[in-house]
Amino acid sequence: MATINKQKIVDSVPQKGFFGNPKGLFTLFFTEFWERFSYYGMRAILVYYMYYEVSKGGLGLEETTALALVSIYGSLVYMSGIIGGWLADRIFGTSKAVLYGGILIMLGHIVLAVPGNLSMFFVSMVLIVLGTGLLKPNVSSIVGEIYVENDERRDSGFSIFYMGINMGAFLSPLIVGSVMNYSFHLGFGIAAIGMLIGLIVFVATKKKNLGLAGTFPANPLSQNEKKKVFTKLGIAALIIAAIIGITASAGILTIETFINLVGILGIVIPTLYFIFMYRSPKTTSVERSRLLAYIPLFIAAVMFWAIQEQGATILANYADKRTQLNFAGIEINPAWFQSLNPLFIITLAPVFAWLWIKLGKRQPTIPQKFSIGLLFAGLSFLVILLPVYFGGSDALVNPLWLVLSYFLVVLGELCLSPVGLSATTKLAPAAFSAQTMSLWFLASAAAQALNAQIVRFYTPQTEMAYFGVIGVASIVLGLALMALSPRIQGYMKGIR
Ligand code: GLU
Ligand code: ASP
């Protein structure tokens, strides 16, 4: 985007009006608040919907299949960010991407709100995957667009935005979870209404608050390119449709092969992305060194999100099956556990922000923070072993152990997640800067693709080994990263 455009865009956004930040942040905050409200509300009950018996309103799938499918879903939701980022960059700009994405997401939840079968579930999955790919990375990119290059409020803007994400994620499992026993479809309906409110906020306030932000594609396709690209896309779509048609009718395309396919894509896509950036003539030698430094960080992020995201699959299952839900006189709804992560994030994020400021130059470096993130993630799995170790695997577990586990992973998340996004924007080559948001989300995509593969090792008999091996693996990786930190820092060429 030309510099002149950048300045014009910032000038068109009222620069005050939301906690000392540009007014546009109000629009982005509430759009993302409601989008995450709908996503995390749906996700809080999804796994139960899939494996609960039909008589209880569920789809009656096998538990392992349900857990794997939720991971695949989570993986695709972040993988599709590449498509969303590309469409915004080259065709219609980020603002339209958010609008179209929101509409698709809402339709996806509406499809789930109507009682239906497994096919309806897949239709809704496609809508929500594509919709989130359009909305999620692009709404975050617009946050970056409403500030001038060196505006010091930018970091605070992203922190406020991050609060919005977690406030939405906190509220919805409580509401959607509470209606789950009455009707799953009502729960999905509430998610759809959440997205509708987000869309209304976006459409009603974007002109006034966001001005020109997000209205230009950063690197639009020329007429000539358009023709070529559309022909290629058309051919690719036909080939994919043919493959799906043939394999499905021949009975080869089963849920199992689908899960394996996404597992492979989860690893192959980021690998190709790295090779492509590394070899591009547009990447300078300093940037190449930074890319090398980014690889161990990316691997660490994959390990971290693999554990964090199991909070909505394996731990959700654990909450339902292995936890004492009648506790201290209250009947706990298992979906409510999903509100713990965002609750801890909201309360602790200001503490961490204060801590980093207080430590100033003495604060851990970026690789060290990632390493601390992994140590806490590992611990969050290891603590689950304690009640089983003391009480045996037959007794139901005190829910406070699960609360402790969610708490520990959040300590790690606060060392890794906000740092990771800004590190990505700093370490990615300038020529690829527009796509860095999607690059960061590919770590979550890879993590969940991996999760879909490993859930099959989780059975009531292997529970101890499962949490133990993954917990220890994360700690070992964290220690290795800690040892390598000074070298990685060197490769980062001055980025802190
Ligand atoms: N939980 C955060 C969100 O929904 C972070 C997601 C991620 O990076 O995986 O925005
Ligand atoms: N902490 C996650 C994120 O930042 C939310 C969640 O897992 O519920 O949005």
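The backbone N, Cα and C atoms fix where each Cβ goes, and this holds for glycine too.
Under the heading domain 'Major facilitator superfamily (MFS) profile', TrEMBL lists 24-489.
The feature transmembrane segment is assigned by TrEMBL to 37-54 (among others).
The annotation transmembrane segment is assigned in TrEMBL to 66-88 (among others).
Taken from TrEMBL, the feature transmembrane segment applies to 97-114 (among others).
Sequence annotations record features per position, and here TrEMBL assigns transmembrane segment to 120-139 (among others). Non-local neighbours of the transmembrane segment (120-139) in the same chain are 28, 31-32, 35, 39, 42, 50, 59, 73, 76-85, 87-88, 94-95, 97-98, 100-109, 111-112, 114, 214, 437-438, 441; each lies 6+ residues outside the stretch with a CB under 8 Å from one of its CB atoms.
The transmembrane segment feature in TrEMBL is assigned to 160-180 (among others). Residues 18-19, 21, 25, 28-30, 32-42, 44-45, 48-49, 140, 143, 186-188, 190-191, 194, 333-339, 341-343, 345-346, 349, 418 of the same chain lie 6 or more positions beyond the ends of the transmembrane segment (160-180) yet place their CB under 8 Å from a CB of it.
As annotated by TrEMBL, transmembrane segment applies to 186-204 (among others).
Under the heading transmembrane segment, TrEMBL lists 233-252 (among others).
The transmembrane segment annotation in TrEMBL covers 258-279 (among others).
What TrEMBL lists as transmembrane segment is 291-308 (among others). Packing against the transmembrane segment (291-308) from elsewhere in the chain are residues 270, 274, 277-278, 283, 341, 366-367, 370-371, 373-374, 377-378, 380-381, 409, 412-413, 416, 420, 423-424, 427-429, 440, 443-444, 446-448, 450-451, 454, 470, 473-474, 477-478, 481, 484, 488-489, 491-493, 495: each is 6 or more residues past its ends and has a CB under 8 Å from a CB in it.
Summarising the annotation, TrEMBL assigns transmembrane segment to 335-357 (among others).
According to TrEMBL, the feature transmembrane segment maps to 369-390 (among others).
Summarising the annotation, TrEMBL assigns transmembrane segment to 464-484 (among others). Cβ atoms under 8 Å from those of the transmembrane segment (464-484) belong to residues 296, 299-300, 303-304, 306-307, 314, 367-368, 370-375, 377-382, 384-385, 388-389, 393, 454, 457-458 of the same chain, restricted to positions at least 6 beyond its ends.
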